[in-house]
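These features come from TrEMBL:
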{"type": "TRANSMEM", "residues": "B:16-35", "note": "transmembrane segment"}
{"type": "TRANSMEM", "residues": "B:93-110", "note": "transmembrane segment"}
{"type": "TRANSMEM", "residues": "B:141-160", "note": "transmembrane segment"}
{"type": "TRANSMEM", "residues": "B:189-211", "note": "transmembrane segment"}
{"type": "TRANSMEM", "residues": "B:223-250", "note": "transmembrane segment"}
{"type": "TRANSMEM", "residues": "B:262-283", "note": "transmembrane segment"}
Amino acid sequence: MSERATAQPTATERASGDVLAVESLSAWYGEARVLTDVSLAVQPGEVVTLVGRNGAGKTTLLRSIMGLHRHVEGTISWGGRELGKASPDARAKAGIGWVPDDRGIYASLSVAENLTLPPVVNKDAWTLEQVYEQFPVLHERRDFPGTKLSGGEQQMLAMARVLRMGSRLLLLDEPSEGLAPVIVQRIGEIIRQIKAQGVAVLLVEQNVKFASTVADRHYLLAQGRVVESLDNDAFQSRTTELLEYLGM
Amino acid sequence: MTAFIQYTLQGLSTGGFYALSALGLAVIFGVLGVVNFSHGACYMLGAVAATVLLDTLGLGFWAALPLVTLLMFVFGVLMERLLVRWLLKLDPLYNFLLTFGITLVLVDLVKRRYGVSSLPYQVPAGLEGRIDLGSLSLSRYQLFVSVFSVLVCLAVWMLLTKTRIGMIVRASTEDAERSRALGINVGRWVTPVFGFGIALAGLAGVLAAPFRAVNADMGSNFIIVLFAVVVIGGLGSILGAVVAGFLVGLVEAFGQAYADRFSQVLIFVLMALVVLIRPAGLFGKEEAA
C-alpha cells in the first residue's frame, strides 16, 4: 500500500536528520509476546547498542525495524516518516541497511556480486573503489564465492555491502561474534569511521567491552523490555555489574 | 564399449528432460518458495500441445518448440497471477495442495478431450533414423535432444550468472527474505520466474513428444522422478538441479540396460544414498545448526 511512499525521503527530511524513532513497539511470535512497549531513538552519527541476554528480543527488534518481522504494534519512524507497513525492500531503499547475525553472505554470488547486488540508495554511498580501498582483501577475493571468505572477511563484506548501498542507518546484529580480537578491533574502527560520516548505527552486542569502545549510548533489554538506558560513561563504570546481569 | 556409448546417449537425452524441468522447479522453489507439484502436468501439457498443434494447424516440431515454450510461459504467468499468488503468504503446504489440484484438473481435462491412449508424434524431419559410425549406431534424435538440452541449460546458466537479472534470481533463490532486506523487490520477479519455470517444463515436454508415449498420464511418473532429482541435487540449488537431472537420466538408462525392472528403484537408491551422506543434497546448502 504505502510501499512507494517511504522509498525516497525528500530533501527537507534529509536535512532535518535521519532519525530512527521506535515508539511503544511490541512484537509477537504467534501468541508469545517477545517485545513489550519498547521505545528508543538513534540520531545521525550516533552509535547505540542494544545489550541483553539471548532471547531478550534484540534480533526481533532489528528485524521489526527492517520490516522482516511483521507481527508488531507501535510505531517505527525513520527520517520523519512512519514506516507502517512498508516492505523490507522499500525500507532498504529509504536508507536502512541490515547486517544480519549470520552475515547474510550469498554462497551463489561472488564477493563482487555480493557487493553490487543491492541498489545504491544515496548519492554519498561508497563507491566500489572506496570499498576495495578500505577492504583490500575483498578486492583480492572479488571473484571467490562469498562464503569462501573467513568469518571476519564475511563480516567486512556484509558491512561493506550496506556502505556501498549508502545506507544512513545500519542495523548491526552481533558483528563481533566469534571473531578474533584483531578483527573485532578492525570492526570497531569501521564503526567509528561510519559514525564520523553521520550514519546512525544500532548495534546488537553481547560483548560488553567491545560495545563500550564504540557506542555513545546503550539500552539494556530484558525479556523484551527496555529496562535501562545508559550513556557510555555510566555503562563503563558499571561494566562488572552488567556482565553479571547478562550472565557472562 | 558401443553399448556403453549408446546407454550414455540415452541417459543424457532422458536426463535432458529431467535437467530442464528440475531447473524450472528449482528457480520456482527458490524465488517463490513454492513446490510446484503441477510441473509434471506442465511437461505433459507441453507434449500434448505439440501433438495438437500438428493435428489442428499442421505445425511441426520446429514450430512447436518455440511456440509451445512461449504458450507455457503465458500459462505459467496466468497460473501465478490468478491462483498461486493468493496463497504465497500462507504456509507453503497450501500452494503444494493447490498445484496438486491443478495437476488433477489438467490431467482430467486432457483425458476428457483426447482420451487415455497415446497420441502419435513423429520424430521431426531431418532427425529420423540413426547415425552409423562403424559398429556404433546412434539415434539422431537422441543426439539432438542431448545436445539441445545441454545448450539450453548452458544458456540458462549464462543468463543466471552473467546478467543482473540472473544475479537477483540467484540471490533470491538462495534467500528471498534477505534479498528483500537488501532493497531487492523480489515480488517483481515472482511472476516472470514462475512463467519461466513452467516454460522449461513445457519445452521438456515438446522434446519428449517424439519418443515418449504422449498421454494425459505421462507427467505423473515424471514428477516423482523429478522430485528425486531435486532432492539429489539439493533443494534450491540451480547447478544441483541440472547435474542431478543428467545423473538420474544416466542411472535410469543404465538401469534399464542392466537391471531392467529395477531401473526406477535405482534412482531412489541413489537418492537415499545421497541423503544419507549429504542430507542437503549434492549441491544443497547445509542448514546451520
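The count begins at 1 with the first shown residue.
Every residue, even glycine, has its Cβ placed from backbone N, Cα and C.
Counting only same-chain residues 6+ beyond the ends of the transmembrane segment (B:16-35), those with a CB under 8 A from a CB of the stretch are 43, 80, 84, 88, 92, 95-96, 99, 145-146, 148-150, 152-153, 156, 169, 172-174, 176, 186, 189-190, 193-194, 196-201, 203-204, 207-208, 222, 225-226, 229-230, 233, 235-238, 240-246, 248-249. Among B:93-110, B:189-211, B:262-283, B:189-211 has the largest number of CB pairs under 8 A with the transmembrane segment (B:141-160).
Cβ atoms under 8 Å from those of the transmembrane segment (B:262-283) belong to residues 225, 228, 230-235, 237, 239-240, 243-244, 247-248, 251-252, 254-256 of the same chain, restricted to positions at least 6 beyond its ends.
Within the chain carrying the transmembrane segment (B:189-211), a Cβ under 8 angstroms from the stretch's Cβ atoms is held by residues 16-18, 20-21, 23-25, 27-28, 31-32, 34, 36, 39-40, 42-51, 61, 64-65, 68-77, 79-81, 84-85, 88, 121-124, 127, 141-142, 145, 148-149, 152, 156, 165, 168-169, 172, 218, all 6 or more beyond its ends.
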